[in-house]
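**Student:** Mind looking over this structure? Questions follow.
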Amino acid sequence: METQDHTLYVLLGPTGVGKTDLSLDIAERLGSPIISADSRQIFRELPIGTAAPTPEQRAKVPHLFVGTHSVRDYYSAGMYEVEVLEALKELFRKYRGVLLTGGSMMYIDAVCRGIDDIPDPFPEVREELYARYAAEGLDGILAQLRLLDPDYYAKVDRRNYKRVIHGLEICLSTGRPFSSFHRHEAKERPFRIVKIGLYREREELCKRIDARVLEMMEQGLEEEARAVYPLRHLNALNTVGYKEMFEYFDGSIDRAEAVRRIQRNSRVYARKQMTWFRRDSTIRWFHPEADKGTVLTLVT
């Protein structure tokens, strides 16, 4: 049974900051498994490019929501919310504290705050919009979105065709503005939530990210990306590390440039993560090495 005597510890931070090592120490202190909050580690075909926990690390501490789905599978933050809450019901029967760790902002919010109950669009509406996009580009779709949902139009990234199309397909399928489904209050959870954020100075983090990309290449990222190249159209592969390698395979850039772009885009993603996390005043921030002892004390 979940009660306020049970605690979900959320270890979060940007890519490359050092969450994995500290998460293992925290989980061992708690004596419980780790729940991954990484929207790409959930796909079994992508262990290298997503820096998924190794078999040795998973043998040391069980990990949930790692390698459980194929990139061919549809998976969403809403599905993740439901499945994690079900898993926590069982885990809290055995453990007073459980660790959730990752850097996927939407997945963390899904568990901690809940996400909006947005209806699925009609398949024929989605197909028609994607056909329009392929034939005409995004301008006409943007104009229609602006007419039907000016609030969402004002804040959506208008270069991201998937988000633009998603907003319009919900408008057309439901007869309501997509923005009208967005809630602003968090759902209540029957357990305490303690958020632990990890940070490093920007220069230090960038060096770690660049080095990690080189390490991924040595581990076989190129071969991993080639194996899923025939599936490049899937949303799961619209991901840093893979889309750059696909450009290399297409012949539009060389291998060295692909690596540089992975490093650059990983640094950009880390900045976006920190921008998102800084909006949450409930996060307590720590350095993963200098403050390690304080963090471990916090979870005991």
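Quick reminder: no glycine exception, Cβ is built from N, Cα and C everywhere.
Heads up, here are the entries from Swiss-Prot:
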type: BINDING; residues: GLY13, PRO14, THR15, GLY16, VAL17, GLY18, LYS19, THR20; note: ATP binding site
type: BINDING; residues: THR15, GLY16, VAL17, GLY18, LYS19, THR20; note: substrate binding site
type: REGION; residues: 38-41; note: region 'Interaction with substrate tRNA'
type: SITE; residues: SER104; note: site 'Interaction with substrate tRNA'
type: SITE; residues: ARG126; note: site 'Interaction with substrate tRNA'
**Student:** List the other residues in this chain whose Cβ sits within 8 Å of the Cβ centroid of the substrate site residues THR15, GLY16, VAL17, GLY18, LYS19, THR20, in sequence order.
**Tutor:** GLY13, PRO14, ALA51, GLY103, LEU198, ARG208, PRO288
**Student:** Looking only at C-alpha atoms, tell me how far THR20 (ATP binding site) is from SER104 (site 'Interaction with substrate tRNA'), rounded to the nearest Å.
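**Tutor:** Cα of THR20 (ATP binding site) to Cα of SER104 (site 'Interaction with substrate tRNA') measures 14 Å after rounding.
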**Student:** Report the nearest neighbour of SER104 (site 'Interaction with substrate tRNA') in space among the binding-site residues GLY13, VAL17, GLY18, LYS19, comparing Cα positions.
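**Tutor:** Comparing Cα positions, the candidate nearest SER104 (site 'Interaction with substrate tRNA') turns out to be GLY13.
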**Student:** If I restrict to non-local contacts, at least six residues apart, and a C-beta distance under 8 angstroms, what lies near GLY13 (ATP binding site) in its own chain?
**Tutor:** LYS19, GLY103, GLY197, LEU198, TYR199, GLN273, PHE277, PRO288
**Student:** Cβ distance under 8 Å to PRO14 (ATP binding site), same chain, sequence separation 6 or more: which residues?
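**Tutor:** Residues satisfying the criterion: GLY103, TYR199, LEU205, TYR269, ALA270, ARG271, GLN273, MET274, PHE277.
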**Student:** Using the recorded ATP site (GLY13, PRO14, THR15, GLY16, VAL17, GLY18, LYS19, THR20) as reference, state which further residues of the same chain have their Cβ within 8 Å of the centre of those residues' Cβ atoms, listed in sequence order.
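**Tutor:** These residues sit around the ATP site: GLY103, LEU198, PRO288.
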**Student:** When a 10 Å sphere is centred on the Cβ of GLY18 (ATP binding site), how many other Cβ atoms does it contain?
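**Tutor:** So the Cβ neighbour count for GLY18 (ATP binding site) comes to 18.
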**Student:** Could you round the CA separation between GLY18 (ATP binding site) and ARG126 (site 'Interaction with substrate tRNA') to a whole angstrom and send it over?
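**Tutor:** For GLY18 (ATP binding site) versus ARG126 (site 'Interaction with substrate tRNA'), the Cα atoms are 39 Å apart.
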**Student:** Which one is it: of the binding-site residues THR15, GLY16, VAL17, whose Cα lies the shortest distance from the Cα of ARG126 (site 'Interaction with substrate tRNA')?
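**Tutor:** Result: the closest of the binding-site residues to ARG126 (site 'Interaction with substrate tRNA') is THR15.
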**Student:** Within 10 Å of the Cβ of VAL17 (ATP binding site), how many other Cβ atoms can you find? Include all protein chains, please.
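**Tutor:** Result for VAL17 (ATP binding site): 23 neighbouring Cβ atoms inside 10 Å.
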**Student:** Could you count the residues of the region 'Interaction with substrate tRNA' (38-41) that DSSP puts in helix, in strand and in coil?
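**Tutor:** In the region 'Interaction with substrate tRNA' (38-41), the DSSP-based counts are 0 helix, 0 strand, 4 coil.
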**Student:** Note down the number of other Cβ atoms within 10 Å of the Cβ of LYS19 (ATP binding site), including every protein chain shown.
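**Tutor:** There are 24 of them.
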